[in-house]
Amino acid sequence: MTATLERRESFSLWERFCSWITSTENRLYIGWFGVLMIPTLLTATSCYIIAFIAAPPVDIDGIREPVAGSLMYGNNIITGAVIPSSNAIGVHFYPIWEAASLDEWLYNGGPYQLIVLHFLLGVASYMGREWELSYRLGMRPWIFVAFSAPVAAASAVFLVYPIGQGSFSDGMPLGISGTFNFMLVFQAEHNILMHPFHMAGVAGVFGGSLFSAMHGSLVTSSLIRETSEIESANYGYKFGQEEETYNIVAAHGYFGRLIFQYASFNNSRALHFFLAAWPVVGIWLTALGVSTMAFNLNGFNFNQSVVDSQGRVINTWADIINRADLGMEVMHERNAHNFPLDLASNEVLPVAVNAPAVNG
């Protein structure tokens, strides 16, 4: 009888750590991107909560007129926000150690940069983690490609736009009313509603909602009948059952008759690719549009483009939008400038649109 003795393999602490990090058996997959994602998102979240509750007012315009954004300084959930970094800081990197004191860092809006930069690192790492888990499981990589759309949109408003405009004070405030203010000022300065890429994004978001609702309702309505003709089809299945209940042929036939034949998909993979690609491409284009408007390549300008035979302007909706833009331009940063350049550089415009004289 021969006995064979084998030396038991011993794994170092590092090897066991690597195995645990990359294991797909964990309840929540961590991955190497998760090693970066977890601390950055925890930092951004904790700083955001503290700043939203207790941050002191921030000198956003750099003119020694602080703006309060936290709950402890009189705001509520709707009006509260983390105020962007001061215009006096510009696009300089402004960590805590660059300030002379913590009070100075808070006064100049340092928490905004800390939150935004950690958040962008965190969501980019989350996107990489989606790819990493797909790779480990032998899946295709399209989940992370789809998530790149909201990552691109967040990067556009929080990073690219402030860089293009020369200051983090132009970034989107981290709050509800601050987001609305950002949207109104963006329209006033860049005419985003007249930008083709924004139009594509609107089509992507609303179209994606429509297609999602249509698809979900069709799937829910298309049952494989398990009952007789005299019983309701609803008795033939239980909510959440594992067995297939969806008949794509029936759904295809219904929708093809409702609209027309070629408006319906009879291939499940093509259908779901379309459902994913439509909103993703739309949001990609919107992010690209915001990134170009960051450098003042703005939306279309059709102001005063229609004139009569005497050279008098016939106002169109473009002129109405332009007047609204000028009004918003005047209202924002009311103390940072004496007169907006958009008004100072053009000829004087009447406040109201003149109605034509009617001879009765």
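Numbering starts at 1 and runs along the chain as displayed.
Quick reminder: no glycine exception, Cβ is built from N, Cα and C everywhere.
These features come from Swiss-Prot:
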TRANSMEM  29-46  transmembrane segment
TRANSMEM  118-133  transmembrane segment
BINDING   HIS118  chlorophyll a ChlzD1 binding site
BINDING   TYR126  pheophytin a binding site
TRANSMEM  142-156  transmembrane segment
SITE      TYR161  site 'Tyrosine radical intermediate'
BINDING   ASP170, GLU189, HIS332, GLU333, ASP342, ALA344  [CaMn4O5] cluster binding site
SITE      HIS190  site 'Stabilizes free radical intermediate'
TRANSMEM  197-218  transmembrane segment
BINDING   HIS198  chlorophyll a PD1 binding site
BINDING   HIS215, SER264, PHE265  quinone binding site
BINDING   HIS215, HIS272  Fe cation binding site
TRANSMEM  274-288  transmembrane segment
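Taking the features listed in Swiss-Prot, we show where each one sits on the structure.
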residue	record	DSSP (3 states)
HIS118	chlorophyll a ChlzD1 binding site	helix
TYR126	pheophytin a binding site	helix
TYR161	site 'Tyrosine radical intermediate'	helix
GLU189	[CaMn4O5] cluster binding site	helix
HIS198	chlorophyll a PD1 binding site	helix
HIS215	quinone binding site	helix
SER264	quinone binding site	coil
HIS332	[CaMn4O5] cluster binding site	coil
### Message
Beyond the listed site residues HIS215, SER264, PHE265, identify every same-chain residue whose Cβ lies within 8 Å of the center of their Cβ atoms for the quinone site.
### Response
MET214, LEU218, ALA251, HIS252, PHE255, ASN266, LEU271, PHE274
### Leading contact stretch, 29-46, 118-133, 142-156, 274-288 vs the transmembrane segment (197-218) - CB distance under 8 Å
274-288
### Task
Give me the Cα-Cα distance between the residue listed as 'pheophytin a binding site' and GLU333 ([CaMn4O5] cluster binding site), rounded to a whole Å.
36
## Note on the structure
Comparing 29-46, 142-156, 274-288 for Cβ pairs under 8 Å with the transmembrane segment (118-133), the winner is 29-46
### Task
Output, ordered by sequence, the same-chain residues six or more apart from PHE265 (quinone binding site) with a CB under 8 Å from its CB, or 'none'.
HIS252, LEU271, PHE274
### Query
Just checking, which of HIS118, HIS190 (recorded positions) has the fewest C-beta atoms within 10 Å of its C-beta?
HIS118
### Task
Please name the residue among the binding-site residues HIS198, HIS215, HIS332 whose C-beta has the most neighbouring C-beta atoms within 10 angstroms.
HIS198
### Message
I want to check the contact list for SER264 (quinone binding site): same chain, sequence separation of six or more, C-beta distance under 8 angstroms. What comes out?
### Response
ALA251, HIS252, GLY253, PHE255, GLY256
### Task
Specify the count of other C-beta atoms within 10 Å of the C-beta of HIS272 (Fe cation binding site).
13
